[in-house]
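> One structure follows; several queries about it will come next.
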């Protein structure tokens, strides 16, 4: 079977290509294939250089391929060399440190974002000794020199996950010289990628005709010609030796002759295979777990289920015929699994002693929650059709209990006698209401009747029955008590959750009342009509509770301590909570266990099974919670067949796209064709990166934003990461001379170079000559010397400008991007203040997430007080908080508090008085698009810059592939009054277009910021500011 071949280059009769994460060379004349690399990581984007005697290529490494560096091979000697030591990061769209091209003298030009405050690659000339000399030509991923001119490809990267892209960051080509300036010569309606030059024409890939094909223009960007007519697959990875063009398409390598447009497929044949069976540790891929009514446990990891005992010396693999997502014991002898395939999720019922399937029920949609009744007769599931379904396990009948219009029903409980099902039902007060609220409903299986337990005016969740079905407990976010914002004039509702209890029978009162037995009312039958009138809270403090579990003498409450959102938002780590017990008798709360991510309790309430952030499982008995025991699930080995895994993951990726794309009719129309087109290539996949090639192609067929593949498990290979010291260097006369020591606000934490905190007394112009006793310079670059030094102190020796030598310890960082960002912002702010004599404020918003909100408020409280304001959203990475920021900017000043002592205080506080200008660019996207559009629509001021990214179909990824990969699907299409859906795949046009050409970067001039200052000062001249007399 042929392999999936990618990333070709050509030199004469030799072809480079990547296959199975390795680099290979193929001879056109002899057909010989030769492997050039072995187990470096994931190799791609190789290029011949130095007259075909060497190859430079990129290696991606780390479990999720979150870093990359460049390597080379000498084809004569076989010497392998690591060229860069910067471990440039990747982002969701996988823009890495890469080979951009070659200078006239044959030097490698590197594109990387490693030294930038944003994930936008810039160009550097790589020296033989590892030095990196910035070209200062702005964002670019391709670089070509021809006839004394430089051709720069901005954003001309491969874009398989968004075909027919037309937004602001579509690929463009600039041409010119630093001395005479640059001109944008190719700017089509659609994206262009992989530009190369052969003789007097520029060739590239674009899909302006609806399918990816090779086009060309002359060297001035005119005379557009189409050369191929492909329809099934897109060509990718265009390269040339100046005569013949080579590319990959549909997993094969092709040559293209520019003289006659002849396309030839190369019959390279099978290249490589690998062991089809791979072994994995369950804790790395833990998805779900449960306990049996006896002494057995189950876990789901990497799509497979296992049953095991507490010592994990006995385990049974459950023999499912699909991808397992959840496991629930029905009894000591039976277990149920949620099993998925391309048609949806089904319930499989298995013998718990043998792991053999007994029957299968479904498909039932895509299931997001499942619970079993205590007697094992019923299962309740919630699916993506917003249904809650009741399943009779014995006969497989399925009954719809309820269906919401507004959201998933995934929060439910079954009474121990299997009569009642309580569930949290999503509802909105009207079709145009902003919030989805939830209230508790009760379904009586005996009488086939529904009851409202709570009203629809709050957010009620986590229903739970006591063992005797006398009470129904739930949590509610209705105890409003605002907390003061310590930074701005604001309040937030943080601790508003309390547990409530509802007696289900006449004569019952809250067990927390502890009424004397001689005055307790007579107990009666179920009284379900008046449930919503008799809820009462338990006497515990409000907190951020997530679940409640009734016990005989109290309840367990699981809460997450109030914390800042910043770290968890960006790290993706699950939150850690605390289990406490509230005892009815003494009304005291006792802490049971900390550091809990998720937990399950045994049916008799005596034992708890829980997980921590390390992915491992633990148990403890309620009477001795301090004596926890680790369940060594890694004693179980998961053995997977690679081909079967990839087929399953492909099916799931395709299914998620089909079932979640916002336009259901469109998805159903195109999905089957997409499936067949790429499914036949799955059998050619050998490595996870091969499969990624196909997944991104599937995503791209929907031709919509926010189709990403994130995370996952691509390789076990990692390399030491680069350390950072938040300094820039100029390589001069064999020495690394400090050209900048970076800092933002020097009084803030994490905003300054560690050089400023050392005893070195380093300054600009000093040279670093040693790190940890190793000379730095011609023999070793400073970047290589800092590899593996992150979060460590190193001994640095510098030569001062007066030739004196000093040594001192410097605390090396793992990442200095935030310091670079804050330095960039403070530099811009200082420039604005100086140019306007302090009259105009400056705010930059890096994204519309937690960091963006932080940065906005950090600056807003001081900058909004000036006579005008520049709001900079260039490079804004999107998020969800734009409306919170717009709310502040929209607030106009109405007056002042005029005190006897002190100065005036504006009303409303921090309101804007004066004109505003917003700057945007092609790297402002998603909620950055929405902000840019809204700034114009609300007439807050003039929007200047360049057209934005153009991606406003939102995502809410809820499922992972078996290796932890998160796939996003465009689910929520954004519609604007007056413009409809037009911002998607186009972007927002500024009122005034201001380009940022390459030569402006070279002279360190920001034409967009310059123009913003000019315009806001002109607007200020027309603005009348009124003040009271003091």
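In case you wondered, yes, glycine gets a Cβ from its N, Cα and C as well.
Below are the features I grabbed from Swiss-Prot:
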- 706: active site, charge relay system (ACT_SITE)
- 926: active site, nucleophile (ACT_SITE)
- 984: active site, charge relay system (ACT_SITE)
- 877, 878, 879, 954, 955, 956: substrate binding site (BINDING)
- 1-270: region 'Six-bladed beta propeller' (REGION)
- 286-635: region 'Seven-bladed beta propeller' (REGION)
- 641-712: region 'C-1' (REGION)
- 721-816: region 'PDZ-like' (REGION)
- 817-1022: region 'C-2' (REGION)
- 927: site 'Transition state stabilizer' (SITE)
> Counting only other Cβ atoms and using a 10 Å cut-off, which of the recorded positions 926, 956 scores lowest?
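Each of the recorded positions 926, 956 was scored by Cβ atoms within 10 Å; lowest is 956.
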> Hey, would you say the region 'PDZ-like' (721-816) packs against the region 'Six-bladed beta propeller' (1-270), going by three or more CB pairs under 8 A that are 6+ residues apart?
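Counting Cβ pairs under 8 Å, at least 3, so yes.
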> Cα distance, residue 706 (active site, charge relay system) to residue 877 (substrate binding site), nearest Å?
12
> Using C-alpha atoms, which one of the recorded positions 706, 878, 955, 956 comes nearest to residue 927 (site 'Transition state stabilizer')?
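Answer for the nearest of the recorded positions: 878.
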> What whole-number value in Å do you get for the largest C-alpha pair distance within 877, 878, 879, 954, 955, 956, the residues recorded as binding substrate?
16
> For residue 879 (substrate binding site), which of the three DSSP-derived states applies: helix, strand, or coil?
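It is in a strand.
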> Given the recorded positions 927, 984, which one's Cβ is surrounded by the fewest other Cβ atoms within 10 Å?
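It is 984 that, of the recorded positions 927, 984, has the fewest other Cβ atoms within 10 Å.
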> Within 10 Å of residue 984 (active site, charge relay system) (Cα to Cα), which of the binding-site residues 878, 879, 955, 956 do you find?
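Of 878, 879, 955, 956, within range: none.
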> I'm checking region-level scores; what's the whole-number mean pLDDT for the region 'C-1' (641-712)?
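Summarising the region 'C-1' (641-712) by its mean pLDDT gives 96.
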> So how many other Cβ atoms are close to residue 955 (substrate binding site), meaning within 10 Å of its Cβ?
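Residue 955 (substrate binding site): 20 neighbouring Cβ atoms within 10 Å.
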> What's the number of neighbouring CB atoms sitting within 10 A of the CB on residue 879 (substrate binding site)?
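Taking every protein chain into account, the count is 21.
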> Can you name the residues of this chain that are 6 or more positions from residue 954 (substrate binding site) yet have a C-beta less than 8 Å from its C-beta?
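For residue 954 (substrate binding site), the qualifying residues are 706, 926, 970, 971, 972, 974.
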> State the count of C-beta atoms found within 10 angstroms of the C-beta of residue 878 (substrate binding site), not counting that atom itself.
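Here the count is 23.
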